[in-house]
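What Swiss-Prot says about this one:
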type	residues	note
DOMAIN	6-242	domain 'ABC transporter'
BINDING	GLY38, PRO39, ASN40, GLY41, ALA42, GLY43, LYS44, SER45	ATP binding site
Amino acid sequence: MSDALLHADNLHYRAGGRTLIEGVSLTLAPGEMVALIGPNGAGKSTLLRLLSGYLDPIQGQCRLQGRELAVWTAAQLARRRAVMAQQGSVAFSFRVSEVVAMARAPWSGTPATTVLAEVMTLTGCEMLASREFRRLSGGEQQRVRLAMALAQLWQQDGPEGWLFLDEPTSALDLYHQQALLRLLYQLTRAGKLAVCCILHDVNLAALWADRILLLQQGRLAASGTPAEVLTEVQLRACYQADLRVQTQQEDGVPQIYLRR
């Protein structure tokens, strides 16, 4: 097993008397963008929490760079993986610049000014720097959370490690959806960052993911390229939706249409 991987082996998780994740095995590697899709209640957020170390499986294990997640200290793990949650509250009246600066806590004692300026620019947050975080719109807050996640993982020339995102586009308009996913895709091309994000929009997953993981009732129903996973037969069976899949002539990307 390569030390540069995050490897999950036979993960199981139960809560409230229900099995939420059952027998999931997968590998995440730097240099790729992975989309986690599936219907409501499939277990996507639970799996993300298991992969990022926020939950412990009742069976199976996750290994990051050859070591079980359970043996990493919180400080060590904070330098190697970051999580952008759907929502997060800030209890006090902090400005955006102050909120983003908090993400550099794992790197205390190292210069942060250049890093913060870089991530604020990349995420389009520089014009928000002096505003109070709690006063921002939902979409603006999502962009700030992305800036925080990138700041947490930023090393000499860019982010390194594993970045997990739970529905990062849910509050964004079309322009900012494209900008966020395009940025994540470009950052992974350097080969030092692995991105795993939950997406409800399967067309966004088709457009930007190198690999798609399709989760159904806590099990991994399919894993592969967008063309391999996003087939009519597979999507109809999983989502129970009346849909069509066509391939874009321009770039060969599958495009999913709902029928009336």
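Residue positions begin at 1 at the first shown residue.
Note: Cβ is positioned from N, Cα and C throughout, glycine not excepted.
DSSP gives GLY41 (ATP binding site) a coil state; it is part of no helix or strand. Its own atom aside, the Cβ of ASN40 (ATP binding site) has 7 Cβ atoms within 10 angstroms in the protein chains shown.
Within 8 Å of the centroid of the Cβ atoms of GLY38, PRO39, ASN40, GLY41, ALA42, GLY43, LYS44, SER45, where the record puts ATP, the same chain has further Cβ atoms from LEU215.
Cβ-based neighbour count (10 Å, all protein chains) for GLY41 (ATP binding site) stands at 14.
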